[in-house]
Structure formats: C-alpha cells, structure tokens
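Accompanying notes for the structure given below.
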Amino acid sequence: MEKNKPNVLSYIQEDLLNFHNSQFIADIGVGNPPQVFKVVFDTGSSNLAIPSTKCIKGGCASHKKFNPNKSRTFTKNLKKSLHPFSDLPFDGIVGLGFSDRQSGAITFGKANKKYTVEGKSIEWFPVISLYYWEINLLDIQLSHKNLFLCESKKCRAAIDTGSSLITGPSTFIQPLLEKINLERDCSNKESLPIISFVLKNVEGKEITLDFMPEDYIIEEGDTENNTLECNSFIRKYYTIFDNDHKLIGLIEANHNF
C-alpha cells in the first residue's frame, strides 16, 4: 500500500435517488422497530436529523415524521434545530453522489471501480480542517488560464455531499460570471470555457479538475429562466471520504455502466 493512502477490502452499497442532479437521497430505518425516512447523506454535517410527530407546522408539514412512542430505543435530546427544509424532497439528513435521470449510489468501505473511468487513477488530497472535509484550493482556471483568485490568501474547497450545487463567495463567482457571459437561452453554451479547479494532492503536486459547460450549466424547461449554476461536484468526480487517514480521493466518474 502506498504511504498515506487507504486500503479497504470490502464495501456495502446503497442506491440513491437523483433529485434534479443536485440532491442524492436514500432510505434509512430509524428506531426499533425501524421507521423509514428519506435522507441526504451529508458530509458537511455531523448531525442525524429527522422531524418528529410533535412538529406539525412550517417545514415539518410536508414530511414524514418520527413517532417516538413507537420506538423502544428512543431517548430525548435537549437540543433543537431550526434549519428549514419544507421545500426539499427528503425527511432528514445523515451527517457523514450520476447521469441525467439516473440514480446514484453511496458506498461504505472499498471504492467501487464500476463507477470510475477506466484508466484513470485516484488522486488523494489531505483534509486540512478539523471539522469539515476541506482541501487546499490553489486557483480556478477558465480554459486552463489562471484567474489568480488565491494569491492574496489561502483558499479552501469543502467537498460536501449535502450541498446541491458548486458555490463560492462573490469574489470567486463574479469574475467567472463576467468572463463566461452565458446567454439566457444557453445558445452560446458550446463556446463557453472549461472551468477548472486547481488542487494540491498528498504529494504536494498541482492537480487540475476540469468541468465542461455541460457540467456546470443547468437548463430549465423554460429557456427564459436558464441559469449558470454548477451541478454537484461529486456528480462529475467519484468522491472517496477516508475518515481513518483524513483524505479525500477524487477520480472522474463513469456514467456509462
């Protein structure tokens, strides 16, 4: 085994429901006997949260609720969450991503090569935060030309399975919007530049991850409302979260299996 790289021998896989290429949802059972809920496996959170039958207004109204009286293992928690989720198609989150109209999958254990592009190698990146899955971001490129967005200060990229889109601060997003100049009807999408993220791997080398226009444009049915938004990062790159070694592995995802 190579130094600082994981060696996992087996895996368990759970198929995921793809919601508009932005959220990936699975069923879990909570309590004893289990009550089934749809959840998002979220590496940006350390909480397990689902609504209770005592929550009857606001965001809870449209979701399935956990009945504590029907679970022999239930115990009370004194902390409450105020995060709204009434408009989302899942009932909760599990704190810990493929092609259009197809489901995805989450794998616990060994990476499944079925979902990776043949001939590609996994690039490993050190996690630099104690609380989040963050890695070093050196710069962003347009058509492989540096924008020098990280010259004045160090940048970080959080790889978060619970975030539906690729997002960033205005200092990053505004220069991209100005240079890309997408037409409202997406008529110029074929001529748009490649967006690349330049990262530093475990060996200190610069690794460039490319996103083609079809990777970062979401086209709605109404052409007047097309927007420039980046689809989920983990839809383009098969992502491995190695908690034992505090590493993130990235390799181009295979959508043709």
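Cβ atoms here come from the backbone N, Cα and C positions, even for glycine.
Straight from TrEMBL, the features:
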DISULFID  CYS55-CYS60  disulfide bond
DOMAIN    24-257  domain 'Peptidase A1'
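Spatially close to CYS55 (disulfide bond) yet at least six residues away along the chain are LYS65, judged by Cβ distances under 8 angstroms. In this view, CYS60 (disulfide bond) is surrounded by 18 other Cβ atoms within 10 Å of its Cβ, with every protein chain counted. When pLDDT is averaged over the domain 'Peptidase A1' (24-257), the result is 78.
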